[in-house]
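Structure, as structure tokens:
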Amino acid sequence: MSITGMDSSHVTESQGTLLFNEPLAEYTTWRVGGPAARLYKPANIDDLALFLSRLPFDEPLLWLGLGSNSLIRDGGFSGTVILTQGCLKEMTLLSDNCIRVEAGVSCASMARFSARNNLSGGEFWAGIPGTMGGALRMNAGCHGGETWQSVIEVQTINRRGEIRTRKPEEFEVAYRHVAGLGDEWFISAKLQLSPGNKETSLQLIKDLLAHRAKTQPTNEYNCGSVFRNPPGDFAARLIESCGLKGVSIGGAVVSEKHANFIINHQGTATAANIEALIHLVQTKVREQTSIELIREVHIIGDANVQTR
């Protein structure tokens, strides 16, 4: 079938929801971005596999969870977006202190689920504003914890809808980076934690969230950390040392609370404002420190606004 002529009749056997020309701003934590040509909300993993198997092999695909760590440009995305958040949301307690979690589960939910089941080592997920699929994709972490330190195995799916089970040794895992995925996406993982105490873990989560609220602009639209920390230093320290706190382009502002955050002030920024500010910060830091800040955030889509 031709994706350009795709309509709901093409997915009559699917159980999910297919939307057309769907604005993406509401699906991202920055609250910016143009529309997706198509957006699919799968009912479950089997439904996702069926949907993918019927797409043209060259169809552009974008996977979104909570939409953190992503900047969708104002022109939107001309392919199909797969939305996992609120869809692939199963968590199952297994034996041997293990949990099976699907990609659409929020990291915060995973932290609470593990704590309430007397497992420790996953409290740090409460501080990650994304889904477990995204956490697996970039080895997300904070407060001394990283996602892949707990991975026993993962399930991936390719654009033909074929599902594989893979082991950690098949990937190259580093700081905020996972290589070896190829043209596949994470759909679930088996994670092993340590025996713990529910009350202790829940208190750790409470303390972590309080610290996050105190040190990060959690009451403003943001994507999380914009840049990776360079070896032996912190991106926020470098940005602040260059006098960039509070610098703005349009409604995009370098946070006064944490310099490695760019906020969409009162929802007035465009994606173009944010992207321009990212480049400005990189340029100023490079000029003043000779250090190249590497983006943690992914920039996606068409910069030009389309007339539809």
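Quick reminder: no glycine exception, Cβ is built from N, Cα and C everywhere.
Taking Cβ-Cβ distances under 8 Å and a sequence separation of 6 or more, the neighbours of Arg176 (active site) in its chain are Met138, Asn139, Ala140, Gly141, Arg228, Glu296. The annotation active site is assigned in Swiss-Prot to Arg176 (among others).
Ser225 (active site, proton donor) falls outside any helix or strand according to DSSP and counts as coil. For Ser225, the entry in Swiss-Prot reads active site, proton donor.
Other C-beta atoms found within 10 angstroms of the C-beta of Glu296 (active site) number 19, with every protein chain shown included. Among the features that Swiss-Prot reports, active site is placed at Glu296 (among others), with the record citing sequence analysis.
According to Swiss-Prot, the domain 'FAD-binding PCMH-type' annotation covers 32-196.
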